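If you check TrEMBL, you get these features:
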DOMAIN    36-296  domain 'G-protein coupled receptors family 1 profile'
TRANSMEM  20-44  transmembrane segment
TRANSMEM  56-78  transmembrane segment
TRANSMEM  84-113  transmembrane segment
TRANSMEM  134-154  transmembrane segment
TRANSMEM  182-210  transmembrane segment
TRANSMEM  240-260  transmembrane segment
TRANSMEM  275-299  transmembrane segment
């Protein structure tokens, strides 16, 4: 009955093809996100050299992404398509709280990573953040994220809509609707504006510091070693910067959508299809769980090697055999090509014959250029008689 009513409202999310398309996308995101982040957890936990302060933050970030895959990427799309909340009042309050906590945790963790990188580059001789500092920072970030998301535990309630069957899980702020706008504004500032400012400041300082160090070390360090050191630092900083931009570009759409909805500023064409655009922005936000493992594999050599070591030995041996076979095929092809380029005996004979003919011709030409002083004095009369012939021959040689 509810599906019929929503279809009459021309809601595309009530149509089976649209639901199937989004369901396939969410399933793909969940599988890749969980698999990729589990690989990150295993790689860092099994490799002693990867257990640095920055990688501990990455470890925590991967844990948060796994929680997002299990909670936000499952309950939200199911509710958007099924419309009715069927999981009870406790999960109605708990699921948005966990989703909000994970979002705040990810933003604060990225800011903490940028601060750690800034301290490492700006003050390289001082004692940097240690593991106990990293654990304390992660715990503090977790508590702060839960405090900011705490209002969701009390405002998410099951609501019955007139003319529809079942119950719906919505934010219910009445009689304090004004607080909804205040909370949305505070969340926007704390979740995005402050972390964005911290990350921008830190990576700008890192860039300036690296440029200065290049100028100072240009005379002291060889060009090759200088290039290698700069590339290593730039690769690491580039990875964290791309992580931040991937997070922002993934989540900014759903955050803007929610803040405009709280203030009642959604454009009319979006307000008419609130479920559809809500699902689209949420699906884009869920891609944030996929980008981080991909960036680690592309830009961090140590993590990439650790990922390879997670592959079972039999599969690695099979892949190495395949590479060896391909290399042997390439070598055999190169040898056969070289054989084709080797001249045959007949070609060698023709080439040597041509060389002999050319040598004979050159010797004849050289003999024809002998000077008169080199001839026998007894042939003086013969040379005088053949003066015309000699002069004509020497004209040809000139």
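A Cβ is built for glycine as well, from the same backbone N, Cα and C atoms used for every other residue.
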Mean of the pLDDT scores, which run from 0 to 100, over the domain 'G-protein coupled receptors family 1 profile' (36-296): 85
Contact call for the transmembrane segment (182-210) and the transmembrane segment (84-113): at least 3 Cβ pairs under 8 Å, seq gap 6+: yes
Residues of the parent chain within Cβ reach of the transmembrane segment (134-154), under 8 Å, 6 or more residues beyond its termini: 53, 56-57, 60, 93-94, 96-98, 100-102, 104-105, 108-109, 112, 116, 171, 183, 186-187, 190-191
